[in-house]
Structures are given as structure tokens and as C-alpha cells.
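Q: So that we are looking at the same thing, I have put the structure below in C-alpha cells.
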Amino acid sequence: MITPIAVVGPTASGKSALGIELALRLDGEVVNVDSMQLYRGMDIGTAKLTPEERQGIPHHQLDVLDVTETASVARYQQEAVADVEEIMSRGKTPILVGGSMLYVQSLVDDWQFPPTDPAVRARWEARLAEIGVTRLHEELRARDPEAAAIIENNDPRRTVRALEVIELTGQPFKASQPPKDAPPRWGTTILGLRTTADWLNPRIELRTHLMFERGFLEEVEGLVRDHGLIAESTAGRAIGYAQVLDALAGELTLDEAVERTITGTRRYVRRQRAWFNRDHRIRWIDADGDTTARALDILGR
């Protein structure tokens with residue numbers, strides 16, 4: 001029986017490379033679970049594999065949005081579930097690869113999203129316009145510290161959505177999410193790459209510097225000029241892209257943009273670790289070892 005394999009873990013831990021190796025060995029196809037790799041043209045700053053690095057492995061949910069569009073977990077879930085089931089119908093193994101926490105959970109769990117209420121949302125959006133995203137995020141933290149811990153304090157859309165759900169349900173945002181001890185959808189095996197700060201932090205620094213050496217600034221300039229990328233968009237708030245946009249606006253030097261990208265990535269990694277460590281279904285693999293051999297051993301292949 002074919003069942004999916006998920007490869008999760010923090011940024012820069014080697015998920016994409018392991019995903020390719022598993023797909024090559026298990027006749028698989030990759031389903032992207034990185035919310036920023038959904039965007040066309042956001043390549044260098046998201047460490048998206050090049051066509052050559054994909055080694056002929058089909059990739060799904062990659063380059064499906066323009067940078068002016070808003071990524072939606074609910075829409076992603078609907079489309080990615082269809083991709084996974086279509087892959088299995090052809091006798092192939094879906095390899096789910098990424099570290100976007102809510103997107104991972106939407107795919108491996110049968111998450112029924114809470115309803116929306118236009119009046120409630122409008123009230124919170126008015127509050128956002130009145131006090132700004134930073135103070136609104138502080139209000140979320142006061143109401144639901146766990147929700148605030150997984151939502152960036154510069155993400156107005158998700159902050160508003162969390163407050164809307166809390167008001168509509170009368171419960172913490174987490175209560176609307178499926179439990180992490182339930183059997184994963186399709187019997188998915190979830191593999192996690194375990195990292196230490198001493199090992200991962202230098203990789204984050206190296207990767208960030210290489211991004212800029214390989215033309216990250218020019219990538220962002222092109223997205224602004226040719227595709228309408230703006231700082232207020234979902235894509236424009238991505239780590240790295242937000243900092244470069246600030247540099248292009250004269251609010252940061254390029255060196256400051258590099259350093260803030262590094263610190264922003266480290267902060268995001270801490271949230272990823274906290275999130276994934278709470279999921280006891282994950283089979284952990286040390287990222288600094290032979291991850292392919294260990295993964296195949298866990299899978300009994």
C-alpha cells in the first residue's frame with residue numbers, strides 16, 4: 001500500500017535534498033509544503049531547488065501564485081490534498097517537503113477550518129488600521145500566547161484571522177487545530193530533521209550570504225519592477241524579501257538587510273522547533289548524519 005512520506009524540520013536543515021533522494025529511491029513525486037515557494041519568481045530567497053537540482057522529479061505546489069496574490073492555508077490544503085491523492089492513484093509515492101508549520105498540519109491532518117464572519121473580521125481589520133500590526137499582535141499575545149508564538153508579529157492577515165477565530169469559537173486558536181496525536185492523514189510517515197543551534201546557525205549565515213552573492217537583491221528588484229511585489233503583500237513580508245524591500249526603500253543598508261535576514265531566520269527556526277517538537281508522531285533524524293540512509297531504515301526500505 002502506498003502512503004505519503006513527509007519531511008519536516010527547520011529552515012536550512014536539508015529537507016529539500018532529502019526529499020529528492022527519497023523520491024529518486026521510492027519512485028516518488030514532491031509536494032511542496034513551504035508557503036513562500038508557492039510564489040513564482042521567489043527562487044533565491046526561498047532556497048527553491050533549481051530545475052537541475054530537482055533531477056527530473058516532478059514537483060507540485062511550486063510556482064503556483066503570483067507575488068501579488070495572498071497565500072491561503074485553506075486553499076493550499078484543498079489543492080495539495082488533491083495532488084497527493086492523484087499521485088497515489090498513479091502508483092507513485094508523495095513526498096511532502098517543507099517547514100511551513102500550518103501548511104504541514106493542514107496537509108497531514110484533516111483540519112476542518114473554522115468559519116469566517118465578515119462582520120467580526122471587519123471589526124478586527126478596523127482595529128488593525130487603528131493601532132497597527134505590532135500592537136494588534138500584542139493583543140493576540142495577551143489573549144492567546146500560543147497563537148502569538150507561531151504567527152509573525154508583522155503578519156497582519158494571520159493575526160486578524162487568529163483573533164477572528166478566537167472570538168467566533170470562544171476558545172484559543174489552537175483549539176481549532178486537530179490534535180497532534182491523531183493518526184496522520186493517509187497513514188503518512190512524518191520524518192523530522194533534528195538540528196542543534198551550533199550546527200544550524202552557521203548554515204543559516206552561509207546560506208544567507210550566498211543568497212545575496214547569487215543575485216537575491218536583483219531578484220527582488222525584478223519582482224518589484226516586473227511583477228508588482230510590494231512590502232505590504234504576503235510575499236513581501238517573507239523573511240529576506242521584507243529586509244531587501246526595506247533596503248530598496250532606503251530604510252536599511254544592504255549589510256543591515258543581510259544581518260536582519262539572518263536574525264529573522266534564526267527567530268523563525270526557534271518557532272519551527274517548538275512547533276514540531278510538540279508533534280510526537282515525528283520520527284526524528286539527525287540532520288548532520290546520513291539522513292537518506294536513516295530515513296530508509298525508518299521506512300523499512
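Including glycine, each Cβ sits where the backbone N, Cα and C put it.
Given the structure is predicted, the values throughout are model-derived calculations rather than measurements.
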Q: Pick from 34-37, 134-137, 186-189: which stretch is listed in Swiss-Prot under region 'Interaction with substrate tRNA'?
A: 34-37
Q: What is the separation, in Å, between the Cα atoms of Lys15 (ATP binding site) and Ser100 (site 'Interaction with substrate tRNA')?
A: 12
Q: Cβ within 8 Å of the substrate site centroid (Thr11, Ala12, Ser13, Gly14, Lys15, Ser16 excluded): which residues?
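A: Everything else in range on the chain: Gly9, Pro10, Ala17, Ala47, Gly99, Leu193, Ala287.
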Q: Which binding-site residues from the set Ala12, Ser13, Gly14, Ser16 come within 10 angstroms of Ser100 (site 'Interaction with substrate tRNA'), judged by C-alpha positions?
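A: The binding-site residues close to Ser100 (site 'Interaction with substrate tRNA') (Cα within 10 Å) - there are none.
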Q: Tell me the Cα distance separating Pro10 (ATP binding site) from Arg121 (site 'Interaction with substrate tRNA'), rounded to the nearest angstrom.
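A: The Cα atom of Arg121 (site 'Interaction with substrate tRNA') is 31 Å away from the Cα atom of Pro10 (ATP binding site).
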Q: Using DSSP, would you call Arg121 (site 'Interaction with substrate tRNA') helix, strand or coil?
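A: It is helical.
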